[in-house]
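The structure appears right after this line, and notes come after that.
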Ligand SMILES: O=C(O)C1=C[C@@H](OP(=O)(O)O)[C@@H](O)[C@H](O)C1
Ligand SMILES: C=C(OP(=O)(O)O)C(=O)O
């Protein structure tokens, strides 16, 4: 697809139907990485086949694992219990999770690995991960600019650290834990605010011992070095971050009712649903069950007259990727939706605060930008704009959803990035009745 391609979302009739959520991106990355580090076979079912994950699959193969695809979402990884130096630079594409977890994964082996990424990933800070890994003993050689890809990682003997997180980040925590597996001593990570715990859960599923102690609003995670992983089977639950888009469309397009099945409900991921309910959304969850070590359920959203609220800041980590789509729904709510304590949004695939502010304003929505947040005043949305997405899938999908309920069509540039996390997004949305072309 060419860079200049745009998708246009037009005012749509009601959306109706039931769809299955695509596989969770966080768990998909981890299943491939853990499978490659483990000894033996890991069978993965429901793997998200988005571009971010395919980049991680290629990375694991070049680090020495056998990575095979058997059918849609069904993959097998045969690991050797260690990683080896690749022949070439590993290109992680658009994926912050991919590159940051991989830097931790390789750090404890005697390997040299150069990581690179696309134009968006090259702008994102890496020292937040290389800093703690360097204090464990890994070495980093920045190829262009300090703190930015490309970087060469020189792994080897590591020593455990005690690390206190200053931002609630599962990517930093996971990189340290993966390195800690091969470090001497016990690594401790203190998270004053909890971040998603997929790595901790998966370490246990792959046979490692992890000790987690709750402390106040957060927890301390301890992992003794010298543990090996054993291959296992992983069933990937549906991604709440992707499910959010069809559900958001149902909330704002009059007369809609959409169910997304098999959505992961891990409380450290599902805070958007609580927030929508606080805004008056008609959102129900049925068929709750355990799948692949996580609670999943079918989430149904019906068109709702939303009210603006002050989103509790303590929810930020549990919905950090969902603020763009929350903002799209807030544009139709009565009154103000106040979103604060979300400075981390500025260092994602784009500066998501700046991009949402610009996109919403272009569509006629009143928005105030703050250093660490933004405030959206809802009402009828004019639309009729072409929006820049800066290679950011969530900015693209959020504006397409907005366009379905706006008075005039909304166009987004660079829509090909949607395939990083949600391949088949347009077909799925149009299957529900949306008009995206
Ligand atoms: O660990 C993960 O899988 C992720 C953690 C979050 O990033 P941070 O760790 O930077 O908060 C999130 O934004 C990202 O989409 C996926
Ligand atoms: C921030 C995201 O991903 P990553 O950090 O893996 O690029 C995201 O998917 O919204």
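Heads up, the Cβ atoms here are built off N, Cα and C, so glycines get one too.
Unlike curated records, TrEMBL annotations are generated automatically.
As annotated in TrEMBL, region 'Disordered' covers the listed stretch 1-23 rather than the other ranges in 1-23, 24-46. The phosphoenolpyruvate site recorded in TrEMBL includes 25, 96, 124, 171, 352, and the single candidate from 302, 305, 315, 394 that the record places there is 394. Secondary structure by DSSP for the region 'Disordered' (1-23): 0 helix, 11 strand, 12 coil. Taking the C-alpha positions, the distance from residue 169 (3-phosphoshikimate binding site) to residue 394 (phosphoenolpyruvate binding site) comes to 18 Å.
Using a 10 Å Cα-Cα cut-off from residue 394 (phosphoenolpyruvate binding site), the recorded positions that qualify among 26, 30, 321 are 321. The DSSP secondary structure for residue 169 (3-phosphoshikimate binding site) is coil.
A 10 Å radius around the C-alpha of residue 96 (phosphoenolpyruvate binding site) takes in these recorded positions out of 30, 321, 348, in sequence order: 348.
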